[in-house]
């Protein structure tokens, strides 16, 4: 009977949550469960494309599409609401649009920027966090070029951009900037030699997930296109002028008209309020992706700190992992509904590609290093495949990179 259907509640329509729902609706009949998906926006956005929208190499509208395009309305109730409280013991979730009970819960609330308590970073630096922050940043950068061109008294700081962090997001953003800046210089009649791009990284090495050869390739590519790197240089503060860094024990002020922070993310702040043992918005999973003490609550994606059996550190937060977790969670939910035991999650690492603008990149694919146009092509394949898996061939054709 319909009233006996188990209530499956999925929070978040990012890669993990939406993958869970799209697989569930394929594998379950309409009367197998009452599935509800809650997301604070009516759209899903490709968070792995935010660096492009932030630089202005794509329009912000290019990276989003309506969640309704991906869900089967006969099987899934999609609710646009913001989650305000998760009561795991009462099996209830509160939102700004009402209260929802659950039998099985999937928490996939995504990430927010993490500034590690650096003084002034939240107030004075742009964050690459979501569609709105990316749109704001790209407009700001173009406005700086327009203002410079229109001003009688030129301020070269308008053409200076500081990027905090030489990890994945920072390097991909810099790559996009090296594509975008020649366009802006041409559009506004600006001498490109006056543009200054500086990347500041506290660690002794950038892109730590890659080999020294790949890192050297990426550094040379970006340096040849005007990027200056300050490695092993911690940022200790951010103000209206730019970053304050520490060099040989002394503080120095780096000045720029635009400061961007890319060096950290964390899970949703709601995690600390809802679960125990949470660090930086992430909770440690059991091997089947549920959490300790709750065999009917799955935590996946950026809110998950999954440590594979026999290892000591959690897997990183990537779209590839999030989507695999979503698929596995859907399979485990089906098992629970059928009265079967859940299965452990096994991550398959197919590789990682870091773009350097639209036509270059570096990466590891099934254990092999790749670089150049081959890497750039593969990145486009990966991006398009993600859309296909969530929204099907039609959406991939419309929104994909080909």
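Backbone N, Cα and C atoms are what each Cβ position is placed from, and that goes for glycine too.
Annotation source Swiss-Prot lists active site at 172, citing similarity to another entry. Sequence annotations record features per position, and here Swiss-Prot assigns FAD binding site to 12, 13, 14, 15, 16, 39, 40, 83, 302, 319, 320, 379.
Residues listed for FAD, 12, 13, 14, 15, 16, 39, 40, 83, 302, 319, 320, 379, cover a largest CA to CA span of 33 Å. Counting in whole angstrom, the residue listed as 'active site' lies 25 from residue 12 (FAD binding site) by their C-alpha atoms.
Classification of residue 12 (FAD binding site) by DSSP places it in coil, neither helical nor stranded.
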